[in-house]
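Undergrad: Attaching a single structure in structure tokens format; questions to follow.
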Amino acid sequence: MKVVVVYPLLATAIILFLSLSPSPSPRKNRNNLSLHRRVGNNHAPFDPLVTKLIDGVSPENNSDSKPFAVDQASVNPFSGVFEDEEEYFSEEGQFNIKARLQILFPLLDNSPEDGKISLKELEVWNLQQANNQLISRTQKEIKDHDKNGDGAITFAEYQPLLANEDIDKNDMTHGQAGWWMEKFNSADIDSNGILNFKEFMDFLHPEDSENEKLQRWKLKEKMQGMDHDKDGKLNFKEFRTQAYEIYKSTAEFESGGDDLPSPEEKFDELDVNKDRLLTEEELRPIVHYLHPGEFNYAKHYTKYLIHEADDDNDGKLSLKEMLDNDHIFYNTVITENDVDDDDDFHDEF
């Protein structure tokens, strides 16, 4: 029997046909799958081999790839991870998930090496996958737009169809020349009119950028869609029906649904000057809730994996727990019968 493998890497579905062995374990805590859906599905997968199977490119060969900065001993997820990937497939095309997890486990269990994967160890790993996801996307965009091959992007290269008169109009409406130029200039930290690799990656993914100017641009953009009376601020009604609902969907996952502030309480907390209006600056503490990026997703995904696979509830994962719950780490692998017979599970994709 063939299976459909749907990876949460691309916005459009990418389908590979494989034969799965062994069969997935019975699904655990099916009701908790909504937690995973809540944080999205177009993100870096747990296993970097999935990325290679889709792209056919190993991030270990990316010269622009730099490891994500962490405050503990760094993990190199590509050391030995991509070698001879064919060994995980039988002659019949069956993919051995358990053998794959046995290879990955010691790479994650390193700080300390104690036979258990802590939340922090798993988070470091997933953050690395997220970072490589951003790098890969940026490299593809540079390949598409870098006409002179210098590894950097000018505004004209990124928006070649915009005429000078369009730029001169400086129309700040979403998607117009002024809007694009403001975003470009916000990402251009050294103001030289060219985006290097890091600046261009920030430009493409401002939600994951540490560029404060670009963060402010993103927050301004987000507020414009919520500010119905167009006064440049959010009153309580606008906050409750727009910003709070977005904040709540992510905060509920982080806290397990416990002790969330009410809309009134959160508004009062953010309203520093107590004028019953929220400015961009006052909304900054929840900017990552309003538009979470790859790194936020990686942290949420880490908690999800621990929640689903931690059978003894000690807050860590043993190899046995990972093998017993292998479908959690590869839960984007579903059979054709699952697609036909299990609409709830299919909805996740």
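Using N, Cα and C of the backbone, Cβ positions are placed for all residues, glycine too.
Just so you know, TrEMBL annotations never went through curation; they're auto-generated.
Note that this is a predicted model, so its numbers are computed, not measured.
Checked TrEMBL, it gives:
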- 1-26: signal peptide (SIGNAL)
- 133-168: domain 'EF-hand' (DOMAIN)
- 175-210: domain 'EF-hand' (DOMAIN)
- 218-249: domain 'EF-hand' (DOMAIN)
- 258-293: domain 'EF-hand' (DOMAIN)
Undergrad: Report the mean pLDDT of the predicted model across the domain 'EF-hand' (218-249), rounded to a whole number.
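TA: For the domain 'EF-hand' (218-249), the model's average pLDDT rounds to 90.
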Undergrad: Per DSSP, what is the helix/strand/coil residue tally across the domain 'EF-hand' (218-249)?
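TA: Computed counts for the domain 'EF-hand' (218-249) are 23 helix, 1 strand, 8 coil.
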Undergrad: In the domain 'EF-hand' (258-293), how many residues does DSSP put in helix, strand and coil?
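TA: Grouping H, G, I as helix and E, B as strand yields 19 helix, 1 strand, 16 coil.
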